[in-house]
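Colleague: Here you go, one structure.
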Amino acid sequence: MYSSNLTGFILAVVSSAFIGSSFIIKKKGLQKAGSSGPRASVGGYGYLLEPLWWIGMITMIVGEISNFVAYIYAPAVLVTPLGALSIIVSAVLAHFMLNEKLQRMGMLGCLICVVGSTIIVLHAPEEQSITSVQQIWDLAIQPAFLLYTASVVAVSLVLILYCAPRFGQTNILVYLGICSIIGSLTVMSIKAIGIAIKLTVEGTNQLVYFQTWIFGTVAVTCIITQLNYLNMALDTFNTAIVSPIYYAMFTSFTIFASVIMFKDYSGQSASSIASELCGFITVLSGTAVLHSTREPDPPPITDLYTPLSPKVSWLIQGNGEVWKQKDEDGSFPSFITVVRQDYFK
């Protein structure tokens, strides 16, 4: 068990390094694509033709593959919190490559996130032994997890159909909420696929069971949705803030899903569970510190009628004379009238 967890730990660390770097590379690609066409934040897909974005995608895929293998050897409650390392990588690289300045309080926030993750790792429960994909399927169709799945689908639809078009450009929690909630189902499906592949390689073919393919379909669907809204978040908000908030939300929902599905804390002592909760609170506190240091992002212009200034000038033209007036009190005029006297002659 110790050797298995150690392997999972090393793979999780490698995964965090690649994923943290991919945030920066992808954002550079998104910025380059946005300079010559519609940005991803407003529904543009020009980044698909940008080589730099694909380099970032390949980097993320390598990280996710490492993460995928880590889930085979270690429980989700151990692997997922180690994503805190990607916060440090992305924050440091954003500081130097994107000029997104990381203030001292931001550095403290990163440190707090790592401390919280360490607490979680030290008190992570042991994973139960899985011998077939059918066993995982039985865990997935238990009433508690079916209720969780239904809740995830319902909340995601509300966020996607109602909140994203209205508040996605101004509230960072909308896009990242979609990624994180759906991401919890992604991890459960990936873990099932990983165990199926491991058992198949060991000689017990799991590809003959329809449950394996259902888990695969769910994983692909969730991953595509996650990537779409993560791109929107990266293109709209500061990378140094996207990474830690995404980490905190994604980790929380993933561990919650894992506890429901795999009953990770069954048999754990009250002190271990309390320590895990303290770890979560610590991570969330670090995220709050990072969020408080965020510099306001300029709101994107979504149409041609967005007001550019609270002070407005207008012209009234008649008989060759021009009269210019500026609203000095900062109020916005209800309408603007332009009159040409010679029009009525």
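Including glycine, each Cβ sits where the backbone N, Cα and C put it.
Okay, these came from TrEMBL:
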TRANSMEM  6-25  transmembrane segment
TRANSMEM  45-62  transmembrane segment
TRANSMEM  68-93  transmembrane segment
TRANSMEM  105-125  transmembrane segment
TRANSMEM  145-165  transmembrane segment
TRANSMEM  172-197  transmembrane segment
TRANSMEM  209-229  transmembrane segment
TRANSMEM  241-262  transmembrane segment
Colleague: At a C-beta cut-off of under 8 Å, are there same-chain residues at least 6 beyond the transmembrane segment (6-25) that contact it? List them, or none.
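Modeller: Same-chain contacts beyond the flanks: 52-53, 55-57, 59-60, 62-64, 66-67, 69-74, 78-79, 82-90, 93-94, 97-98, 121, 234, 239, 242-243.
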Colleague: Are there residues at least 6 beyond the ends of the transmembrane segment (105-125) whose Cβ is under 8 Å from a Cβ of it, and what are they?
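Modeller: For the transmembrane segment (105-125), the sequence-distant neighbours (Cβ-Cβ under 8 Å, at least 6 residues beyond its ends) are 9, 75, 77-78, 81-85, 87-88, 91, 240, 244, 247-248, 255, 264-265, 267-268, 272, 275-276, 278-290, 292-293.
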Colleague: Tally Cβ pairs under 8 Å between the transmembrane segment (241-262) and each listed stretch (45-62, 68-93, 145-165, 172-197, 209-229), then give the stretch with the top tally.
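Modeller: By Cβ pairs under 8 Å, 172-197 leads among 45-62, 68-93, 145-165, 172-197, 209-229.
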Colleague: Does the structure show the transmembrane segment (68-93) and the transmembrane segment (172-197) touching, where I'm treating 3 or more Cβ pairs under 8 angstroms (sequence separation 6 or more) as a contact?
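Modeller: These two stretches do touch.
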Colleague: For the transmembrane segment (45-62), could you work out the same-chain residues 6 or more beyond its ends whose Cβ comes under 8 Å from its Cβ atoms?
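Modeller: Here the qualifying positions are 18-19, 21-30, 32-34, 36-38, 231.
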